[in-house]
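According to TrEMBL:
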type: COMPBIAS; residues: 1-10; note: compositional bias 'Polar residues'
type: REGION; residues: 1-20; note: region 'Disordered'
type: TRANSMEM; residues: 50-74; note: transmembrane segment
type: TRANSMEM; residues: 86-105; note: transmembrane segment
type: TRANSMEM; residues: 111-132; note: transmembrane segment
type: TRANSMEM; residues: 177-198; note: transmembrane segment
type: TRANSMEM; residues: 235-257; note: transmembrane segment
Amino acid sequence: MSQPSLSHGSPMQPIERPGHVEPAKVPEATAGFWAIKIVATTLGEVGGNAVTLTLGLGYLAGTAIFGAALAVLLAAQVRADRFQPLLYWAVVTATTLAGTTLADFCDRSLGIGYAGGSLVLLGLVVATLILWKRTLGTVAVETVRSPRAEGFYWATVMFSQTLGTALGDWMADSSGLGYNGSALLILVALVVVTALQLRTRVSRPMLFWTAFVLTRPLGATLANSLDKPVASGGLGIDDITISGVLALVMAGLVLLIPQRAGRRAACADAP
């Protein structure tokens, strides 16, 4: 008696469905995504300062605290079987908090400086993206489904957040632009990225990660304009108050703004 064929819908070998759309474990990069991201980065800056400076725990202790929280949240994110907005944004916020304290520890405690720290972190971001591309064939966030892809994604996010902190501090404190000038320059750069997205065929993943990096120093400069002393060009609002307000704002945005997992045809070519 001949054996049944396994090539047509056998339970042992699932049927390939051309064009089948598989959801990613990260959200689509919509306007709502970027709005929440900017609030998260601003919260990360003031929250990090609240722990390290206002509470006086220092950069190393702050990095350890936020690093531990990030590890717990990231483990939950990787174990999750689908995109969960509250969990995802909790991880993003943890990366902004840890990135803030880590960048300040390297720049100030270790004496690397803003410019040196920014160059090192830029190299880490680029190296991670290159390794990701060579390993999985694409760095498109719509394909982030497997634990390996998530590993590359969150490593890039963490390096990007830390880079953004160092870059934002350098622009505000050392470049002579000040808080408002730095924010304006970053906004102009983001407008250019948006124009390239809408009017050119420049790599979408490259534009996404460029915008992801740029929104971090934007959040940092906005935070500095809120919590720095009036004599230094800020509003002088204490970090703990700002952190509480921003946490409420962010929670409201995550709950109210419609979000869905990024989707991409499984058979589509990766850019």
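Glycine is treated like the rest: Cβ placed from N, Cα and C.
Whatever TrEMBL says is automated annotation, not expert-curated.
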Other than its close neighbours in sequence, what residues sit by the transmembrane segment (50-74), given a CB gap under 8 Å and a spacing of at least six beyond its ends? 87, 90-91, 94-95, 97-98, 101-102, 104-105, 108-109, 154, 158, 238-240, 243
Going along the chain, which residues at least six beyond the ends of the transmembrane segment (86-105) come within the CB cut-off of under 8 Å? 25-27, 36-37, 40-41, 43-45, 47-49, 51-52, 59-60, 62-63, 66-67, 69-70, 73-74, 76-77, 80, 117, 121, 154, 157-158, 161-166, 169, 216, 219-220, 250, 254
